[in-house]
Amino acid sequence: MSFKTLSALALALGAAVQFASAAVPLVQKRATCADGRTTANAACCVLFPILDDIQENLFDGAQCGEEVHESLRLTFHDAIGFSPTLGGGGADGSIIAFDTIETNFPANAGIDEIVSAQKPFVAKHNISAGDFIQFAGAVGVSNCPGGVRIPFFLGRPDAVAASPDHLVPEPFDSVDSILARMSDAGFSPVEVVWLLASHSIAAADKVDPSIPGTPFDSTPGVFDSQFFIETQLKGRLFPGTADNKGEAQSPLQGEIRLQSDHLLARDPQTACEWQSMVNNQPKIQNRFAATMSKMALLGQDKTKLIDCSDVIPTPPALVGAAHLPAGFSLSDVEQACAATPFPALTADPGPVTSVPPVPGS
């Protein structure tokens, strides 16, 4: 066999091996933790005992209840304390580390309760307050039917200073003011809409103190599109007292509507994106997870953090389908997006009902 023939054969064999390597991906080695669970990075093993502890002792056995709602709120109130011009460390845990300062900010009214609930877990486990806040929020959302696995990165350093005041948007702020504040932190108008999917599993305690634990939609224990549907219905009543700052009329007894949500659902800058979330569970899940991950990294250097996203549990499947509440029809929708028709939805059977408060509020 000539040298030229041998060379051609070697090249052919090399190409075949290269093709085979490309066709059969290498199996990624996973770390086995002390309790037998596995993760992509051994540094993430420290999270499994924390996961078990908060599921049992903070979230009442992995429920999607009041503590989940408040933990998710805390992720935002800590992280949005960030401005390139005004300062703030972002998602650094300052709202826990400097709680005597930040919980007294007017926009953080009522958040002292979840801060007090989380502080013992931070003290007990080897984790920074910034990491714990974002980890607890991600785990909490995963408890909700229809929820998402929000990416989680470990390794935030301890906060060195309190956030400045006036960085958290208020429910009585104008749309332009809210969008300007969020733009300052790096978020576009559509990303603001995506973040507000959090209100699908949220409630208000302080907007109307006479009715604590009043949810923003009729399914506060399910991560779904009902919030985006029901905020577009005509307001009929105040579920408690009237004339509360930051409150608009709600369509249902037992459901509260923030003035900011009412306006964002109808503003030309956000109305079409708002409507696009109706009955679009994959979009809600994908956009919310991506934007929450972005928010959780405000003020942080991602290259210095460890991706521990695989520790976050897989959420239960969505329960139920998008619908109009009983007693409503499409004529009750105050459609603000002229570009596309409002999705065709049917109403639940029966008369108009009342939404119960979130248990444990």
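Keep in mind that glycine also has a Cβ here, set from the backbone N, Cα and C atoms.
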Cys144, Cys272: which one closes the disulfide with Cys337 in Swiss-Prot?
Cys272
Besides Glu66, Glu70, which of Asp176, Asp184, Asp205 does Swiss-Prot list for that Mn(2+) site?
Asp205
Have a look at Swiss-Prot and say which candidate in Cys33, Cys44 forms the disulphide with Cys308.
Cys44
Using DSSP, would you call Asn126 (N-linked glycosylation site) helix, strand or coil?
coil
Spatially, which candidate from the recorded positions Glu66, His77, Trp194, Asp205 is nearest to Cys144 (disulfide bond), comparing Cα atoms?
Glu66
Ranking the disulfide-bonded residues Cys45, Cys64, Cys272 by other Cβ atoms within 10 Å, which is at the bottom?
Cys272
Listed recorded positions are Glu66, Glu70, His77, Trp194, Asp205; which of them have CA atoms within 10 A of the CA of Cys272 (disulfide bond)?
none
Glu66 (Mn(2+) binding site) to Arg73 (site 'Transition state stabilizer'): how many Å between their Cα atoms?
11
How many whole Å apart are the CA atoms of Asp205 (Mn(2+) binding site) and Asn126 (N-linked glycosylation site)?
32
Cβ packing number for Trp194 (active site, tryptophan radical intermediate), 10 Å threshold:
23
